[in-house]
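See below for the structure under consideration.
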Amino acid sequence: MKLLLLLLTVTLLLAQVTPVMKCWGKSGRCRTTCKESEVYYILCKTEAKCCVDPKYVPVKPKLTDRNTSLESTSAV
């Protein structure tokens with residue numbers, strides 16, 4: 001019985017892992033190196049990379065040419 005209790009205690013202690021620091025609105029994880037399927041966009045507080053699935057990274061909008069929009073308004 002004592003052996004079973006000791007085995008259960010050791011198993012529970014080994015099963016606990018340290019919590020992973022999350023970033024990017026809980027969509028990313030702070031790691032030193034990202035997985036192949038992840039990208040990093042910002043750095044975490046611990047200078048680790050914030051590894052995020054690319055589908056959660058915002059796409060930069062394309063800038064429109066300001067000269068063409070000015071020409072169409074100045075022709076009035």
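Heads up, the Cβ atoms here are built off N, Cα and C, so glycines get one too.
These figures come from a predicted structure and were not determined experimentally.
Among C30, C34, the one Swiss-Prot lists as the disulfide partner of C51 is C34. Cβ neighbours of C44 (disulfide bond) (same chain, under 8 Å, six or more residues apart in sequence): M21, C23, C30, C50. Counting every protein chain shown, the number of other Cβ atoms lying within 10 Å of the Cβ of C34 (disulfide bond) is 16. Within the same chain, the residues at least 6 positions away from C51 (disulfide bond) whose Cβ sits under 8 Å from its Cβ are G28, R29, C30, R31, C34, K35, E38, V39, Y40, listed in sequence order.
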